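Structure first, then comments.
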Amino acid sequence: MTKNVTNFLSPEERRERRMILLLLAPALAVVGLLLIGPLIWMGWQSFQGPDGFTLDHYARFLSDTVYLSSFVQTFRIAFVVTIAALLLGYPIAYVAAKSQGIWPPIILGMVLLPFWTSVLVRAYAWLILLQRRGLVNTMLIETGVIDKPLILVNNEFGTVMATLHILLPFMVLPLYATMKKIPAELEMAGASLGGGGWLVFRSVFLPLSLPGVIAGSVLVFVLTLGFYITPELLGGGRTFLVSMLVSRNIELYNEWGAASSISMVLLLLVFLIFRLASMLIPFERIMGTR
Amino acid sequence: MNSPLHPQKVGVSIRNAVKRYGTFKALDDVSLDVAPGEFLSVLGPSGSGKTTLLGLLGGFVQPTSGSIHLGATDITYTPPHLRGIGIVFQNYALFPHMTVGENITFPLRARRLPKAEWPAKLQAALEMVELSGYADRAISALSGGQRQRVALARAMIFEPRLILMDEPLSALDKQLRENMQLELKQLHAKLGATIIYVTHDQREALTMSDRIAVMKSGGLVQVDTPKQLHDRPKDSFVASFIGEAMLLPVQRLDAGNLTLAGQTLRSAHPLPSSDDLFLTVHSEKLAFAGPQTAPESNLLPGTVNSCLYQGESVRIFVTLSGGEQVSLRLPSNHSGWQMMPEAGQPVTLALHPEDTIVVPRAA
């Protein structure tokens, strides 16, 4: 398709294309040098053993149960975080999209607030809130809701909680953008035709907001798959995610080949998820450029 | 009535409706009665309160004071989905994720009508708008005119007591718009439903309506039949808004005589008793004076300024002896070309006293 189009380009358009390419060159060089290069190197590493080429690193996916359980746990947490982000984010986006005047920026600002502090600080903040003698437990005990502290961190719950907090904006923003584009007349039309609030929401608004749901879900899911600091700090060793599997292989065993192979598999799975999602909605919409 | 859809005819009565947004009065004491089965157009420039009035009828806007009655029922505070009013929105507001059939049967679904009754009603509605066989099409696969018809079918399938249309043809091109105007008029005759039609296109309003309500800055200026509105406008606002009219300042002499730049004219209609008067000159009321001119006609000498060819007719701009600009048309047929003057040529125009319409300046 592109080839055919190029044939019809006038000299001016060709010059414009060359100009655009020239302007893009620095960015392309950076991406090539710092992203594509290391990726190729990583791919090459994943096939390297002490005696040259090997498939051993990939074979371990079948033999080592730690690998499998780590992937399963990572996907389970990503799934839980995505669902929770959707349940929390949809009403927030809905209210922001439906409110008037100064309210949308205020609501979205509050959603974006976590972006202004470092992930590390937020992880420690959650640790302080959720630990055994933390704010939440102390409050619950003193108000008599519970007798002994709940275990809120150093497990999957703590990991999910903090990850959710950090990734919620990635759910809310695509949802908000999609909802904003749903014309208000559609709901007015639904009402004028006899549809009550719930029917109009269920049969008109909700289906039209689905692209936002998919976009937000894919973003949150994929980002959770690669999360490292938060599960490391709040998982307390009980959550052993893929990212930690990679880091252990390097830190403890100096196994760059194994670490590379795990990264490659995770990368491949992420590509697969994007591919599946883009069959439902265009890729540009997931990334929020359209 | 041979139509399978039978909307119940019902009148609408808006009583002293006021809508304020802060200090801004979007509607200023509007009272309007629409007869059962009537086709009433609401005509006005943008910002005149048309949309607010429509929102009030549809239930999307609550009046600050006043009330709205549908037949004998006060619906002022009835929520939109319980009003049973069919609305055709400006951009059709079709549900883009539903097929034509799903769109049209939405009102049946909302009313929990047994599914067994849907196909017959859908079929009748599709036939009504001449879209039989389109039920499974996607909305995106339809042309503008077809979307318009789907919106219409959807607003009629539940046999609404009243149909509101908000500039439903404004998005269509001229040719299609004129076809749809005729179709809507025929449909109205067939259905006999009460229709309130909002437009800013005076020609559309004149073509389609039983009566026209002219609005200006939140109030009703004149509610009349198209002919009355065109030939007997109430003031300079209505006169300038309807038809191709030129307003020339004139002085009142007595009940039947006036002066235009020193020249005395006679009007067959009693002149309004005001000092600030305008002569409303429609181009079709003017003619070149000739042997056929009625002897009682007012004669206006002038000079041809320019001739503008417009296809079906030629618009001729004439500067009257007092300096006022008027225009008239000659059909672009053989006899028209025979009479065609040239720029700079002195001419005499005839205006019959019956067509000599004088209006006061709008408040």
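Just so you know, glycine gets a Cβ as well, placed from its N, Cα and C.
The feature transmembrane segment is assigned by TrEMBL to A:20-44 (among others).
Annotated domain 'ABC transmembrane type-1' per TrEMBL: A:71-277, in sequence order.
Annotated transmembrane segment per TrEMBL: A:77-97 (among others), in sequence order.
Annotated transmembrane segment per TrEMBL: A:106-129 (among others), in sequence order.
Taken from TrEMBL, the feature transmembrane segment applies to A:157-178 (among others).
Marked as transmembrane segment by TrEMBL: A:199-229 (among others).
The feature transmembrane segment is assigned by TrEMBL to A:256-277 (among others).
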Please determine whether the transmembrane segment (A:157-178) and the transmembrane segment (A:77-97) are in contact (criterion: at least three Cβ-Cβ distances under 8 Å, sequence separation 6 or more).
yes
Can you name the far-off residues of the same chain, 6+ from the ends of the transmembrane segment (A:20-44), with a Cβ under 8 Å from a Cβ of it?
260, 263-264, 267
Using a Cβ-Cβ cut-off of under 8 Å, list the residues of the same chain that are 6+ residues beyond the ends of the transmembrane segment (A:256-277) and lie near it.
39, 42-43, 45-49, 54, 56-58, 60-61, 67, 71, 214-215, 218, 221-222, 225-226, 242, 245-247, 249-250, 283, 286
